[in-house]
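Lifted from TrEMBL, the feature list:
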DOMAIN    110-394  domain 'NADH:quinone oxidoreductase/Mrp antiporter transmembrane'
TRANSMEM  5-23  transmembrane segment
TRANSMEM  29-48  transmembrane segment
TRANSMEM  110-134  transmembrane segment
TRANSMEM  146-168  transmembrane segment
TRANSMEM  188-208  transmembrane segment
TRANSMEM  220-244  transmembrane segment
TRANSMEM  250-272  transmembrane segment
TRANSMEM  279-301  transmembrane segment
TRANSMEM  307-329  transmembrane segment
TRANSMEM  350-371  transmembrane segment
TRANSMEM  383-404  transmembrane segment
TRANSMEM  425-443  transmembrane segment
Amino acid sequence: MSGWLIPEGVLLAGLAAVLLVAGGGWGRLASWLAGLALLASAAAALLLPGGEHPVLAGAFLPDRLSGVIDGLAVLAGLAALLLGPGAGAVPEAPALVLTAVLGAEVLGAAGSLLTVFVGLELLSFPLYVLVALGRSRTNLEAGVKYLLMGTVASGLFLFGMALIYRQIGSFTFLRLAGESAQPWVEVGLGLVFGGLLFKLAIVPFHMWAPDVYEGAPTPVTAFMALATKAGALAALIRVLSFGFYPGAALWSPLLAYLAALSILTGNLLALVQRDLKRLVGWSAVAAGGYLLVGLAAHSVLGDEAGLYFLAAYGLGAIGFLTVAGVAAGEPDRGPTRQALRGLAYRRPGMALAFGLAALSLAGIPFTGGFLGKVYLLQAAVAAGQPGLAVAVALGAAVGLLAYLRPLEQVFRRDAAAVVPHPAPGPALVLAVTAVLTLALGVWPGPVVHWLGQAARFYWLH
């Protein structure tokens, strides 16, 4: 949030220290340093006074919105480090996680298309490697697939940037805001928009998500569920507000159609999945659609609702995947619903955390996920889009069935079921996500106030 980009600077310093330590063979120390760097970055983002002026000739626009994105990205990074094998067990992994978090933070504070592109690549390239870090052929296949699809999205984004620069001679959002009505600028913005929709896994840019979520190590999947969407959402908020503002009457209905299609497609296909990570992959498609609902509303309420839903969804997905990974017993083995059998009788604490996560993702009252969807419904109705509100309600109903099916397995007795005890790292992740998920559901006031300040501050500046 600082006008001097202190959170990003802290991460850069931490990254340099982690690289030096990891190069010396001290992998555990590198993980600790990475965690401290993430905590310091979050503290700088949340506690230091906010800036409200462009930095570095308009390349960055650090504000309260960037502070929110920084906090969410750091939360995802800490979860990835704590979840262990597949991320923390590899000497280079802490540096890769820090780089990906840095990319999300850059996206949160981006003030130009060039900065957005740099942030996207900083976020994406470490993930290509992290996805492929596992010991199985599935991990490598998922990493290659993610790389190839990500390259296509980057190409779309770059081509759009080139068209825009040719017309207005600048990449900055402040300049773009006054020139976006030109035909070739609109074409360029459309290509940029398509590249960003890929990161949110919006239909029809979604086919990579289920395969990559299934094939990646569980800690990496958990990281992607929150950090990737946080960075992409921040970039979309800025691009839409500065670039598409004059044509809101045109792009808002388009966003509504894409949102409804993604919500229904993601939830319907999540319903038939047996692999829990693949289920979350299709859930990510639906979640991207829910985030588009807030953007389609084109209001402070819409942005606030989108950010709230993102926080609730990210916490739920991380908790869900953490239990799935522990129950599977091996970080690279795909967890199925059957792996959860007997969890309530053998590991009641894990069962409670899993139940809260699943209920939040399903949108059950007294969880963060429920309030997130309620706020999105309110934003859609207030924006005069009742059809979009109906799509949100239908998606929530289908999603309820998708998440209650694995939850039902938790209470099935199975004498042969063996559920490993969670290590300290995953246990801490489960405790934090469970508490925060419940807090978002029963005491949303402080978070709503914080997110409301971020949304209003952004719209006023």
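Each residue, glycine too, has its Cβ placed from N, Cα and C.
In TrEMBL, annotation is done automatically, which means it is predicted and not curated.
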Long-range Cβ neighbours of the transmembrane segment (29-48) (under 8 Å; 6 or more residues past either end): 1-2, 6-8, 10-11, 13-15, 17-18, 21-22, 66-67, 70-71, 74-75, 77-78, 81-82, 88, 91, 94-95, 97-98, 101, 105
Intrachain residues whose Cβ lies under 8 Å of the transmembrane segment (279-301), provided they are six or more past its termini: 197, 200-203, 206, 209-214, 221, 224-225, 229, 233, 236-237, 240, 248, 252-253, 255-256, 258-267, 269-270, 273, 307, 309-310, 313, 317, 320-321, 361, 372-373, 375-376, 378-380, 382-383, 385, 388, 391-392, 395, 399, 402, 406, 452, 455-456, 459
Tertiary contacts of the transmembrane segment (5-23) (same chain, 6+ residues out, Cβ under 8 Å): 29-30, 33-34, 36-38, 40-42, 44-45, 48, 55, 60, 62, 67, 70, 91-92, 94-95, 98-99, 101-102, 105-106, 109
